[in-house]
Amino acid sequence: MILLLSVIVAQIKRFFSMSDSQFSSLPSSSCDGSGSPSGAAPAPNMVGSSASGDDIRSRQLTSQVSRDWRDVFWMGVFVLHLVLIGVALAVLGFNRFREKDRLKIDRFTKMILENQHGLTEDFWPFYTVAGAVGTVLAWAWLVLLGSSASNMMKLSVHILTTYLAVISVLCFWQKQFFWGVAFAVGAALQFLYVISVIDRLPFTMLVLQRSVKMVCSLPEVMGVSCAFMLIMLSWLVLWSFGVAGVVALSIGDGGRWWLLVVFCVSLFWTGAVLCNIIHVIVSGMVFLVLIHGDRQATSMPPKPLKKSLRYAVTTSFGSICYGSLFTAAIRTLRWKIRGVRSKIGKNECLLCCVDFLFHLVETLVRFFNKYAYVQIAVYGKNFNCSARDAWELFQSTGVEALIAYDCSGAVILMGTVVSGLVAGTCAGIWTRIKHPDRVMMVGSTSMLMGMILVGLATVVVESAVTSIYICYAEDPALIQRWDAEFFNKMSEMLHQRLQHRSSRATQVFTSSRFDSQTPENTV
């Protein structure tokens, strides 16, 4: 199998080895041994001291980006994983399709049989409902993106806590104590997080509004999102068929849950890969628009969307597969820790524990962050190098303080989770009527289906956010030319955040000096 994959990769590489000119107007950059981009101008020490836009664009016109294949190993792992998971789903679904134990799998599980009489078609319609609801919600996001996106995001922030609390009560009512506690903890954490960042929401909404404005000026990226949504739906047909067969298996709840966890992790990785392909495509388009000033500019390269898509699914596909494994989990953990850390106060013991976790996550963020996808789109580097270069750029320019203050990614995630909960609830209600003992199995897996479908729609906004921050760090004049009012507000907020960090550092330094001198004065 590995040999076959190697041959396929070699043939694809040979097919796409032709020279391209999409990013010929962008600076060439590749990561050297120190992790810094070689062939590009070094990042400025201060945001305001970056090179002028005219100088940067003159360098871009004479440079050529080298598109080598990156992280090919992880591309092979992902493709091999898809083949194995696809075969397993087909076998498990077909085993109980219209006939119990068609493939005689039960003979391998005689010690844990529970004599269940379910068939695949008994549970498959429930996932059809979840897929339909998720698709409708995803299309609603795309259709309302230009007119009501801000209101939808505000609604998601405020409704998620209530929704989680209501589902928790329903789980306790159905005597599902584990799930009741899980949703109750989720509601509590969501409430605490919103309270901790509520003062940041105005700036977050400003960033999201400008990102929506950028996305709406590129209608072709909406088509890309719809196309990948159809690809995801095609995979979900097979995935739901196999999962329905798992739910119908006669191996007991423990065995079914373990199989469901494996298939859900696989679906999460697959959905993340598709989302991040869109992320790379949209990031490349947004970066080009900001560089050239307008979508219709004469300096824009020909067919940028087509070439961005080709890069995303060939030379950069391995980097996307690699980053999709870890980025989402690390990013979510970072948001929660930051929210708790900002509200601890003077509890030194708790602050010490949270600081340890915070610095650990910050180290991981250096190598796994969503801004890497912009570097991948523009420079074609591998994932770790892209993530490291992006983070060093933010830290050297001070823009990291602005990114830490912004909660746009968390707000988008809240909208995705709410949509997933709606899809899971719809499937769960029907399951409660037909098969009350399988409600949580169907409901939880249906929720994941809904989240992934809606995530394919909302990722276009998050891609615009990341591209705007990268451009602001590399050359603020690009943002100023695109939207002067937004540039002024970003610069003002950055100045405030840098002053806030400076004052906190001064307080900590003064306090530590006072504490160290107190024993001497006492003696």
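Yeah, the Cβs are placed from backbone N, Cα and C, and that goes for glycine too.
Tertiary proximity for the transmembrane segment (72-94) is limited to same-chain residues at least six positions away from its ends with a CB under 8 Å from its CB atoms, namely 1-2, 5-6, 9, 102-103, 105, 120, 238-239, 241-246, 249, 259, 263, 266, 269-270, 273, 317-319, 321-322, 325. For 72-94 (among others), the entry in TrEMBL reads transmembrane segment.
Residues or ranges marked as transmembrane segment in TrEMBL: 123-143 (among others).
Residues or ranges marked as transmembrane segment in TrEMBL: 155-173 (among others).
The feature transmembrane segment is assigned by TrEMBL to 178-198 (among others).
Outside the transmembrane segment (227-251), and at least 6 residues removed from its termini, the chain residues within Cβ reach (under 8 Å) are 86, 88-97, 101, 105-106, 109, 112-116, 118-124, 126-128, 130-131, 135, 138, 259-260, 263, 267, 270-271, 274, 277-278, 438, 441-442, 445, 449, 452-453, 456-457. Marked as transmembrane segment by TrEMBL: 227-251 (among others).
The transmembrane segment annotation in TrEMBL covers 258-291 (among others).
TrEMBL lists 311-333 (among others) with the feature transmembrane segment.
For the transmembrane segment (410-430), the list of distant contacts is 125-127, 129-131, 133-134, 137-138, 141, 152-153, 156-157, 159-160, 163-164, 167, 190, 193, 197, 201, 204-205, 208, 332, 335, 439-440, 442-444, 446-455, 458, 461-462: same-chain residues at least six beyond its ends, Cβ to Cβ under 8 Å. Among the features that TrEMBL reports, transmembrane segment is placed at 410-430 (among others).
The list of residues near the transmembrane segment (450-472) in space but at least 6 beyond its ends in sequence, with Cβ under 8 angstroms from a Cβ of it, reads 47, 130-131, 133-135, 137-139, 141-142, 145, 149, 207-208, 210-212, 214-215, 221-222, 224-225, 228-229, 232-233, 236, 267-268, 271, 274-276, 278-279, 281-283, 286-287, 290-291, 370-371, 373-375, 378, 390, 393-394, 399, 402-403, 406, 408-409, 412, 415-417, 419-424, 478-479, 490. TrEMBL lists 450-472 (among others) with the feature transmembrane segment.
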